[in-house]
Amino acid sequence: MSKAVVRKTLVSLAVAGAVTMAQADVVIGVAGPHTGAYAAFGEQLWRGAEKAAMDINANGGINGEMIKLVKADDACEPKQAVSIANRLVDSDEAVAVVGHFCSSSSIPASGIYEEAGVLMVTPASTNPTLTERGLPNVFRVCGRDDQQGDVAASYIVDQLGAKRVAILHDKDTYGKGLADAMKSTMNSYGVDEVLYEGLTRGEKDFNAVVTKIRSVDADVVYFGGLHSEAGPLVRQMREQGLTATFISGDGIVSDEFVSVAGSPEYVDGVLMTFGADPTTYSAGKQVVEEFRADGIEPEGYVMYSYTAMQVVAAGLAAADGDPMAASDWLHSHKIDTVMGTKEFDEKGDLLVSDYVMYEWDANGKYSMLNN
Amino acid sequence: MDIILQQLVNGLTLGSVYGLIAIGYTMVYGIIGMINFAHGDVYMVSSYLTAIAIALLSYFGLESFPIIIFGTLIFTIVVTGAYGWVIERVAYRPLRNSSRLAVLISAIGMSLILQNYVQIAQGARQQGVPTMLTGAIRLDIGDGFVQITYMKLFILFVAFLGMGVLTYIIQKTKLGRMCRATQQDRKMASILGINTDRIISAVFVIGATMAALAGVLITLDYGAFDFYVGFIIGIKAFTAAVLGGIGSLPGAMLGGVILGLSEALFAGLISSDYKDVFSFSLLVIILIFRPSGLLGKPEVEKV
Amino acid sequence: MSQQTKGINIVSALKDTVIAGLLSLIIFGPVVGVLLDGYDFTFQGADVAFIVSIVMAGRFAISIFSQTEFGEAFLYRQATKDDGVVVTAPGYKSRMRFIIPIMIVVGLLVPFIASKYVLTVVILGLIYVLLGLGLNIVVGLAGLLDLGFVGFYAIGAYGLALGYENLGLGFWSMLPLAAIMAAVAGAILGFPVLRMHGDYLAIVTLGFGEIIRLVLTNWTSFTHGPNGISAPLPTLFGLEFKRRSREGTPFHEFFGLPYDSAYKYIFIYLILLLVVLAVLYIKHRLTRMPIGRAWEALREDEIACRSLGLNHVLVKLSAFMLGASTGGLAGVFFATYQGFVNPSSFTFFESALILAIVVLGGMGSTIGVVIAAFVLTVLPEMLREFADYRVLMFGILMVVMMVWKPRGLVRVTRTGFATRKGSAK
């Protein structure tokens, strides 16, 4: 069978799956910011989860039961997260949730899921507090801010040999958590930052801060935040003639980073930490190609969301649909996903963090650094 | 020294842009006494229009900077002006004789509509425009330097040019006279034969035009925008308008520049974490000592 | 409006339609028709055609409708909406006498018939009722436009969370304390700004709300910044509503009931209902007392009031403080209901929403505020069916409701007074 035929059969199976989704048995919520300032990430979450559900349904569902997805919008507001969590648990009778996106939504919502005995796997909330509270039903398929910060800090200190490091963050749960984690690891290596400042999310003018970075003569700038701020920031740095190395986390993993920065030349040499490339796994490679065939670039959290759905399905399949038993099972078993084999510790965090350094090149593409 | 100078340049460009948007708030407030909360989102729409115009122009093979900037300005100003007119017609005119708070709520609703309509039409993703004008002037001062991009100079030039043209229109032309008459006393103006509804529409269009100018300039300079950018900049511009004395055109520009400078200097010298706290505190302090803003006319209490 | 009563002018309707079509082409053409994709784009001609044809059809229908007799009458009614306060006859007995007891009974029954999700939505609705009532004193009665009301709400919510963390104070001790704290904050804010007029006051209060939020975000050593902080649940005579309790027995074990997470919501709901009813009663009495009348008099004509010897600063300050303390109460309930607070719940949009409740409810009307608070909190939940169009619909409904009823849903009524028989002339 040629590749095209395989794809065609897969698509038709997926369509068949979508049709049978009507008489679904397993309700799974996809909770994230589908509206509001973070809606771009909600879209990524939904795409990954939707495709994963279609693929799983096409392969017979969870022990023969089809997955039905419910889109739940929290707009990244804790208020709406609580309300939507109650709705998922109560009206929609969801047994599991993929989400939420923002840590500030995941934390209040996780308590409600725990009380109701619902499995929760977040593809994106990296704040350590989420799993530190010892809830048995909470898992994450992304790393923790402190793990990511460790990788960045050791790279900055060991590989770059930087002495003057400026740390910026966007005053949000994710960005500040990342910056703080990186700062504390770096300090433990004996390097102190020369600047530690917060930006305002949603602003685009960072010239004042850039000038300040210039005044402290930093040779590395670490930014905890998202590409919407990182793009203008790196551009304004270059425009003011600042050549310091720019390092950030997985918040800038998006092709939009280039278009937001205004030109590939500005992102040239920008470093970032991100999970190992899914295309290095054969299963991941296939899914990535299928996404691209549908005209969707599986960037940012799309693959994480896909993985989260696979974890949910694996757990429910092993526990015959009982979410709390699935939680127990997930704590002690390995799960094969499109992003490699995942294993969770007793808190629900990944046992092995797979963060590595990536570098952006002058063509506006990123690739893994070999080190 | 070089750092302070650079911060002054940063503040001045940011402030001139705040000033342009503040004009929309101040003129609308002056004429019908309402806070047009949707104005920031009109600016946001103009950012999208800028990117659309650039994409269309380069699609037709036009690449040179003057043509692109000129075409983009005209396109964006015309369409944004239409937005200003339609918004006034649909959401505010039916409420002309109602309480000012009713219009305020309608404006908040309009702001939600614009944000979500653009999000649905264009997607929630971050958008950008390609860099058009590169290069910078570099002044060496002592061992340091001040770097000013051509784009920043262009912003300052166009912003003050736009202000100058607007001041001319308001002070010297017939339309401007009618605007001022309507602002003074709407009833009297209509008795004297001025179609005040049309003048109010014109004011909304002018406000939208200035927002469009700001939208083109900022979008070309920062390159990045999304459907949410109107919110923060709208609040800042409104603060600038109040700081300068709401209802006063030069006040809007002055307020914008003061706000921009105070943000840049505070962020640069003390802490960017608290720069907004500082701006708002500055506003409160100025209003305590000058309750009508810097250039606003003091309200006369009539019996 | 034209005097012509008969005959429909199709040509003018068509002209309107074409103009509307052209305008909508200018408005929607670029933004809908050119879908940006990086620095590139794709054409979406069909979408534009669809929207433009809807606009044209709508405009045509409106043009025709406004020319019919019925339409003209409708437009006339819209244009000449009478306004002002309705004053009822002195002896008038409101129908509310019968409605209120029924509402209270229904309110008490809600937790036992509603599902948990509905209950949480109703709790949120009641929290907004409290917020609306608080702001109603400031904006509706005293006429002071406050765009930073969310600051007091934040003080209440963070008061509970921080008081529990640092001082070990629980829900019951923080409930009055938070109200006092918010009132003090109201006084601190109110004192310098009360000599400002109308919209200057609006921007200063907006600034105040933003300052509170920014301090909560940035002062991480105390407030934990954007990570937020957890808030305790209320207790019933020391019984906790948790599955497992660290100290003492939880509620369900004490009464030998199976654990159900709905209990805590029912408990919060019942306390909240009592507080709302108490606040409603107090507000109702206040509007009839000298202080309430002073607020409204000051709103109508400040100069006259000052000439008559009213201490305007004290009157305004009292409105500010009472409003703020109600906001603080709402904050405590919000924090305990959510179990977690972080600064993103206290944005300017929240202030705008509360203001919308007051204005939509009909400035100064207590019942209107209650209705509007439920409309504006339940509506977004009901609109969840519209998925991505939810907030867009909410915005459209806000505009439509304002255009349709600019004076709010409920007209403000005040009972008239007559001199008692036998009193001196």
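Here the Cβ of each residue, glycine as well, is placed from N, Cα and C on the backbone.
Quick look at what TrEMBL annotates:
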| type | residues | note |
| --- | --- | --- |
| TRANSMEM | C:18-36 | transmembrane segment |
| TRANSMEM | C:48-66 | transmembrane segment |
| TRANSMEM | C:98-131 | transmembrane segment |
| TRANSMEM | C:138-164 | transmembrane segment |
| TRANSMEM | C:170-191 | transmembrane segment |
| TRANSMEM | C:198-216 | transmembrane segment |
| TRANSMEM | C:262-282 | transmembrane segment |
| TRANSMEM | C:317-340 | transmembrane segment |
| TRANSMEM | C:352-379 | transmembrane segment |
| TRANSMEM | C:386-404 | transmembrane segment |
| Near the transmembrane segment (C:386-404), which same-chain residues lie under 8 Å Cβ to Cβ, leaving out any that are not at least 6 residues past its ends? | 356, 359-360, 379-380
| said: Can the transmembrane segment (C:48-66) be said to touch the transmembrane segment (C:98-131) if we require at least 3 CB pairs below 8 Å and skip pairs under 6 apart in sequence? | reply: no
| Interface present between the transmembrane segment (C:138-164) and the transmembrane segment (C:262-282) (three or more C-beta pairs under 8 A) | no
| query | Under a Cβ pair cut-off of under 8 Å, which of the recorded stretches C:18-36, C:98-131, C:138-164, C:317-340 contacts the transmembrane segment (C:170-191) most often? | reply | C:317-340
| remark: Counting Cβ pairs closer than 8 Å to the transmembrane segment (C:98-131), the top stretch among C:18-36, C:138-164, C:317-340 is C:317-340
| message | Does the structure show the transmembrane segment (C:317-340) and the transmembrane segment (C:18-36) touching, where I'm treating 3 or more Cβ pairs under 8 angstroms (sequence separation 6 or more) as a contact? | response | no
| remark: Long-range CB partners for the transmembrane segment (C:18-36) (under 8 A, at least six residues beyond its ends), listed in sequence order, are 42-45, 47-48, 51-52, 55-56, 58-59
